[in-house]
Amino acid sequence: MKTVREIEFNSKTVLVRVDYNLPMDENGNIADDNRIRATLPLVNYLVDKGAKIVLASHMGRPKGKPAASLSLAPAAKRLSELLGFEVVFVDDCIGPKVKERVDQLEPGQIILLENLRFYKGEEENDPEFARSLAELCQVYVNDAFAVSHRTAASIVAITRFVREACAGFLLEKEVKCFHDSIENPVHPLVAIIGGAKVSSKLGALENMLNHVDALVIGGAMANTFLKSQGNDVGASMVEEDLVETAAHIVQEARDRKINLILPVDLVVADRFDADAQTRVVDVKAVPQGWMALDIGPETGAIFARAIQRAATIVWNGPMGVFEMKPFCNGTKMVAAAVAAADAFSVVGGGDTGLAVNLCGVADKMSYVSTGGGAFLHLMEGKKLPGVTALD
């Protein structure tokens, strides 16, 4: 995979695929600008090298039609503020008017194009849409790890039509961190997998058995595993069609002498509500009609001990419904343990990234990934289409 350090950029027009798919508040303001900040090292590097910079991104799911609420104009404004000079926003992403504006760029100047997904061709990996984007540049840079698991025109097809294509700093760093944490880790390697559904993490669970020394399972998905071991989990969320699969994973871990750790106690509630009645119970004593919404304190302590023994930690998925105060302690205990561990720690994006930020320990992790789906894709042992396209 070629990187930006291997390319001469002076006076060349560069199209950089970034991920500015930003969370917005109810007033249309950016709620979190971390994804913009993550691209600043690359943007500043290209400015210093005298490139003419065209930034391209999607935002949300407009389904091939323009939607004012999903415009990237606020991203251009915020990037201008962070850089200290104007980033020009163009209200389209392909066509003669866009090409004309790009041709007017001077070295060190930046344009941000409008939302790529305002055209159906982006998500369809349409070669004609990709060709139209490629006509805007001499060099293509992919710095959008978080969408590199998608076969999109600006991620995959575009590489067939540009003279030079390479990875940006963020994509390069993400791929390297993944390699160092899973494909070539310092052992013991402990994977912590949580979240709601076994079905969404099944590929990751099965692939992790090929790499880990210990596998810690929390979140609502643990209910399916607990049921597979003969526990009655009351009204807790269980994927009945995957109970047998969960039992197979537990047995597979035993056969491979992998320490698979399940909860021993749970925080249960009489309903799914922040104001619900709650109790801490043993996994064998969940009351009928009650549901598990977090791991219990004894489980948190057991998980923490396993984490402390690790030399490498990979964490994807919260331990409970951490957005509700009564059910956030399990995630907090795990976050604190990972932060305190003398280990190389990589945290998957999405909810887990949000959780470590809320717990105030993001800066104690070795790396917090910018990608949820892309990170999971790698955990499943799959190649990223966006990375393969650069080879």
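Each residue, glycine too, has its Cβ placed from N, Cα and C.
Under the heading substrate binding site, Swiss-Prot lists ASP19, TYR20, ASN21, ARG35, HIS58, MET59, GLY60, ARG61, ARG117, ARG150. Summarising the annotation, Swiss-Prot assigns ATP binding site to LYS201, GLU323, GLY349, GLY350, ASP351, THR352 and lists sequence analysis as the type of evidence.
Annotated features, which come from Swiss-Prot, shown on the structure.
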residue	record	contacts (Cβ under 8 Å, 6+ apart)
ASP19	substrate binding site	ARG35, SER57, HIS58, ASP143, ALA144, PHE145, ALA146, VAL147, THR370, GLY371
ASN21	substrate binding site	ARG35, SER57, HIS58, MET59, GLY60, ALA146, VAL147
ARG117	substrate binding site	HIS58, MET59, GLY60, ARG61, PRO62, LYS63, GLY64, LEU70, GLU123
LYS201	ATP binding site	ILE193, GLY195, MET221, ASN316, GLY317, LEU376
GLU323	ATP binding site	none
GLY350	ATP binding site	GLY372, GLY373, PHE375
ASP351	ATP binding site	GLY195, GLY317, PRO318, PHE322, GLY372
THR352	ATP binding site	GLY194, TRP315, ASN316, GLY317, PRO318
Cβ neighbour count (within 10 Å, all chains shown) around GLY60 (substrate binding site): 14
